[in-house]
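To start, the structure under review is shown below, and the notes come after it.
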């Protein structure tokens, strides 16, 4: 590679260095502003009555999720559904 | 005698070239580093083994029809594997420390200077006979300074696929060497008094902030740097799955099974690039040297930035945490904690260092995006 080509490449690399660092700093500075905005927003509208801490709502949403109710509830629900289905078509026929 | 000749020709012994033997030794060295020295074993083990396989004469692992060839084409040439890994990393990352103290993002930005300075250095190496790095090559090499494996592989696969093997090996080796490379630089740039500084405790961050954060990051990236959205987008997806709390199964898969599966294939595919004709060049030596320089510069600028911030800011900042700005999560943060404890046995900097540490991940993804947009 001749020295002229290298010089022009070096110039380009220097431009990249300047532009790149300016952009990275600007972008992350914007992100700082965004995080502060989010924090201000969350302070102003603290949401529903689970204000203390971050881990609680997470746990609640697991144990409270309805896709896995415990055994007795499941039994009761399926018995009720069964009963209803049994009675319903009969009622229609009568 | 004819039969004997045919038999001899069908053994590998008759076909070994010196290059292949050397590369097999390199592969064995990587296995040794992984197993005995425990240097990034999750990656160096499959990479080392891939290097063994790809250099077997007659087996054709890395030629069309061989398994490593297809793994590479499917996973790395397309950029899919590094992106899947990045999703897993997102699912493993807790941004709490960063959201509590967002100014730490500036440290993550400062440490990226290592990347851009190395870009300059790689081009300057062209003065030395035997080197001819293009801007693309130089960018792919420089990203080693981001100390982020998947980002380095992603960028190298886009900009300089022929250098990928050397770049990936350098990136992961230096990440493993963080505890050796960083402390001398950190100590040289700080006084014992500065290293003793204790920082205020971080505030608690609500789940809501953590949920909104990845979406905000993605939004900013979409607006200002679409070239980085593959990396940042997958990262934010993983992080959102982690924080939202409603897709626990996906979260677990992303940060365990999926990332493990992809790591195996990624390592093998990178290893398949360790063939003699591509690796045994003077350029590889240049890449290894530049990678170390990139790491050192990134560490130094991070520490200097933290010093500067400590001077201007009202709250106390221990300059050591700046070193964690070169991602390498969580190794760099642990190193900061260790060096801090040496100066002051009651000073636990781990949580404070996690802020710049995860900021470094974002910073290097943004830097990669800038390089892709300007050079790619």
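Glycine residues also receive a Cβ, built from the backbone N, Cα and C atoms like all the rest.
Packing against the transmembrane segment (B:12-35) from elsewhere in the chain are residues 41, 44-45, 47-52, 54-59, 169, 173, 176, 271, 274-277, 279-280: each is 6 or more residues past its ends and has a CB under 8 Å from a CB in it. Per TrEMBL, the feature transmembrane segment maps to B:12-35 (among others).
The transmembrane segment annotation in TrEMBL covers B:42-61 (among others).
Annotated transmembrane segment per TrEMBL: B:67-92 (among others), in sequence order.
Taken from TrEMBL, the feature transmembrane segment applies to B:104-126 (among others).
Annotation comment: TrEMBL describes B:163-181 (among others) as transmembrane segment.
Sequence-distant neighbours of the transmembrane segment (B:211-237) (same chain, 6+ residues past either end, Cβ-Cβ under 8 Å): 79, 83-84, 86-87, 89-90, 93, 95, 99, 150-151, 154, 243-244, 361-362, 365-366, 368-370, 372-373, 376. Under the heading transmembrane segment, TrEMBL lists B:211-237 (among others).
Positions annotated as transmembrane segment by TrEMBL: B:258-275 (among others). The list of residues near the transmembrane segment (B:258-275) in space but at least 6 beyond its ends in sequence, with Cβ under 8 angstroms from a Cβ of it, reads 19, 23, 26-27, 42-55, 61-62, 68-69, 71-72, 75-76, 81-82, 84-85, 87-89, 91-92, 153, 164-165, 168-169.
For B:287-305 (among others), the entry in TrEMBL reads transmembrane segment.
Under the heading transmembrane segment, TrEMBL lists B:356-375 (among others). Counting only same-chain residues 6+ beyond the ends of the transmembrane segment (B:356-375), those with a CB under 8 A from a CB of the stretch are 86, 89, 93-95, 97-98, 104-109, 111-112, 115-116, 119, 135-136, 139, 142-143, 146-148, 151, 154-155, 158-159, 217, 221, 225, 227-229, 231-232, 235, 302, 306, 321-322, 324-330, 332-333.
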Spatial neighbours of the transmembrane segment (B:163-181) far in sequence, C-beta under 8 Å, 6+ residues away:
30, 33, 37, 39-40, 43-44, 47, 76, 137, 140-141, 143-144, 147-149, 152-153, 156-157, 270-271, 273-275, 278-279, 283-284, 287-288, 291-292, 295-296, 299, 326, 328, 331-332, 334-335, 338
